[in-house]
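Peer 1: Pasting in a structure now, in structure tokens, and then I'll have a few things to ask.
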Amino acid sequence: FVLQNKCFFEASLGLNFAAAYDLRENLGLSGHRFAWSAAIFNFGFLFWSLPTNLIIQRVPIGRYTGIHILLWSLLICLHAVARNYAGMLALRFFLGMAEAGIAPSCMNIISMWFTRSETPLRMCISLAFNGLAYMLASLVSYGLGHATEAAVSPWQLIFLTYGSLNFVWGVVFLLLVPDQPANARFLSHEEKLVAVWRISKNLVGIKNPHFNRKQAVEAFCDLKVWLTTILGLAPGMILGGVTNFMTSLIKGFGFSSIQSTLLQLPLGAIGFVCITLCGLTATYIPNTRCLMLITASLPPFAGLLGIRFIGLDHRWALLGCSWLQLLTLAINVLTWTVMTANFGGHTKRSVANGMWFLFFGAGNIAGSNIFFDNEAPRYFSAITALLICYAGIITAAAGLWACMYLGNKRRTSTQAESDDTHMAIWEGMLDRTDRQSRGFRYCY
């Protein structure tokens, strides 16, 4: 999963880095056209977010994910043959659909192999490698940007390189990753039993292929689910702007196209270190997930304030502020750890995950369309909107903490936690939701 997230995010940055090398000029993507080329991806993501989470519940998840990776990598390669705005729009829409199935699949697979206490670190390490991907993508794009005598343009080489690497990894993923612990070829019969027994302590079961309407209704009526959707919408807006317009933002500070590509290296390094630290904290200090959500929002919030108010003659200070924005990835992965640990019932969890990705896609669409060319290099409207997003993240995380803390306190006051542990495990294996299982305790 570490390698998958690295390859996946590296290719996702293709449009951002290709924009530094005549992509806009060659395909006529000036002004709002480039913004819509970024945004249409999220319409595809939005369209397929909920269906893919319901499909994941019913199909062999390892094979489903591998097929999505292969399709996704082929679509990345096809970006190199786009000849106009319409062609790029079509490719970006289908790429969004293909991408919508990858992240929720990985979330589900990780939750089927690791306990609730182990999940934060594993997910954070996995997503932290997006920071490494950002660094490698910067270096690769910098190198390809010098290939001025190649048969194709540098921006085409970027898409072909990223897509080819991901296709190879998709084949490896499809061959090696099992659908669940019970059919893992690399485990003995005894090891499979131990793997299932370990996950039973999560109190949320393993997998149930049947759709449960009552659980779906419960998901839509659960305040905690709606708070997590805010934690999808707001980071989606931030990443929708940052990942597609970071090159344009840095160029606006007074750096050249080549420099703006290379100067995104520290962005990945900061993301890698900070996301890993968030995972370590959430793993080894109990009930700090919501606290880490709030903490991870503060540095990029301060960075946006710096971009808004620091003078343009201090371009290195402005650059440093922009480097803090990849910490939003920590917010995403910490939200995922909250969701996988606290929503019992496979249908409820699938619906909750689908809603998160649905709102995340909507946020990406909005974020891709709030950077207006006539406001460069400050992008006042975009910076103001992103500051509001961070305020929403902090508020939603605090509300989520309150809901789960009070829920645990209420349950503990009416029954002994130790007496109900075995019952909660059994209820989890029977596919009961967190509300239905009275022995369930939230990890906040």
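A Cβ is built for glycine as well, from the same backbone N, Cα and C atoms used for every other residue.
Straight from TrEMBL, here's the annotation block:
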TRANSMEM  34-56  transmembrane segment
TRANSMEM  63-81  transmembrane segment
TRANSMEM  93-115  transmembrane segment
TRANSMEM  127-145  transmembrane segment
TRANSMEM  157-177  transmembrane segment
TRANSMEM  223-242  transmembrane segment
TRANSMEM  262-284  transmembrane segment
TRANSMEM  291-310  transmembrane segment
TRANSMEM  316-339  transmembrane segment
TRANSMEM  351-372  transmembrane segment
TRANSMEM  378-403  transmembrane segment
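Distances, neighbours, how buried they are, the whole picture for these features please.
Peer 2: Within the same chain, residues 15, 19, 24, 64, 85, 88-89, 92-101, 104-105, 108, 211, 236, 240, 244-245, 350-351, 353-355, 357-358, 360-362, 364-365, 368-369, 371 sit at least 6 positions outside the transmembrane segment (34-56) and bring their C-beta atoms closer than 8 Å to a C-beta of that stretch.
Non-local neighbours of the transmembrane segment (63-81) in the same chain are 4, 8, 11, 14, 18, 55-56, 87-88, 91, 94-95, 98-99, 101-102, 105-106, 109, 152, 156-157, 159-160, 162-167, 169-171, 173-175, 177, 179; each lies 6+ residues outside the stretch with a CB under 8 Å from one of its CB atoms.
Sequence-distant contacts of the transmembrane segment (291-310) (same chain, six or more residues past either end, CB-CB distance under 8 Å): 231, 238, 249, 274, 278, 281-282, 317-318, 320-325, 327-328, 330-331, 334-335, 338, 378, 380, 383-384, 386-387, 390-391, 393-394, 397-398, 400-401.
Long-range contacts of the transmembrane segment (378-403) within the same chain, counting only residues at least 6 positions beyond its ends with a Cβ under 8 Å from a Cβ of the stretch, are 223-224, 227-228, 230-231, 233-235, 237-238, 241, 245, 249, 252, 290-291, 293-294, 297, 300-301, 304-305, 307-308, 331, 338, 363, 366-367, 370-372, 444.
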Peer 1: Between the stretches 93-115, 157-177, 223-242, 262-284, 351-372, which one has more Cβ pairs under 8 Å with the transmembrane segment (316-339) than any other?
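Peer 2: Out of the listed stretches, 262-284 contacts the transmembrane segment (316-339) most.
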Peer 1: Counting CB pairs under 8 Å, which listed stretch among 157-177, 262-284, 351-372 touches the transmembrane segment (93-115) the most?
Peer 2: 351-372
